[in-house]
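Pulled from Swiss-Prot, these are the features on record:
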- SER111: active site, schiff-base intermediate with substrate (ACT_SITE)
- HIS116: active site, proton acceptor (ACT_SITE)
- CYS139: active site, proton donor (ACT_SITE)
- SER111: pyruvic acid (Ser) (MOD_RES)
Amino acid sequence: MNDTPHVKLHGFNNLTKSLSFNMYDICYTKTPKEREAYISYIDDVYNAERLTNILKHVADIIGAHVLNIAKQDYVPQGASVTMLVSEGPVVEVPQAEAPLPEAVVLSLDKSHITVHTYPEYHPSDGISTFRADIDVVTCGEISPLKALDYLIQSFEADIMIIDYRVRGFTRDIHGYKLFIDHDITSIQNYIPEDIREKYDMIDVNIYQENIFHTKCKLRQFDLDNYLFGHTKDALSKQEVEETTAKLKREMDEIFYGKNMPSGF
């Protein structure tokens, strides 16, 4: 996506690039038993071990070296993984009482990949949702956008909210500041066409601040894909209409970020 010729830099590339990927899975559970089964299913499918494997693959895609991994499954539900990464290969630092070199500390502090999961449900409406928040923060030439396609395909979300920003600056050999080192007009530039065709998308970008924001909502709606433990054949015509309305309203509220009146 970047045809800009390489600029010779003075020293290390100090740009910090942050990709925030929030995905939502929505489901209708008819009974409390189905709801508990859905949450248990989500907890099993997106446990800390599987999330760790996803993040390891993200690190491979962006060319980062894993320094440390911390992971945890929570009770009653949810999981999180934090991975520290570096742009260069891992170098063994000799044991010494003196503080570590500053460059090593910066490498550890500023490049990381995290994921947290949040299953939840409506107290009485039958709607259950699952949210996963993934943050990929890199310092240097590594671009987290390279992993976006893989993340989208890993979660197959009903709704995605994606943010990307670039902070700091680096200098060329003449001292001229560079506040971004690649071409981008929209996060959609980095989403393959076959995926873009599946989603309705809205962009809110602030170009002068290097802030890019894209919301995505699945276009095709098949009720059977949102029912857990049964199919629409088990529902009456009225139940199909009411359940469809509930699910679409839930998706619209998440997509637009606001509560909506019944019948919207």
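Any Cβ shown, glycine's included, is placed from N, Cα and C.
Taking the Cα atom of each, SER111 (active site, schiff-base intermediate with substrate) and CYS139 (active site, proton donor) are about 6 angstrom apart. The Cβ of HIS116 (active site, proton acceptor) lies under 8 Å from the Cβ of GLY78, ALA79, SER80, ALA132, ASP133, each of these being in the same chain and 6 or more residues away along the sequence. Counting other Cβ atoms within 10 Å of each Cβ, the active-site residues SER111, CYS139 show the lowest value at CYS139. Annotation note: the residue listed as 'active site, proton donor' sits in a strand segment as assigned by DSSP.
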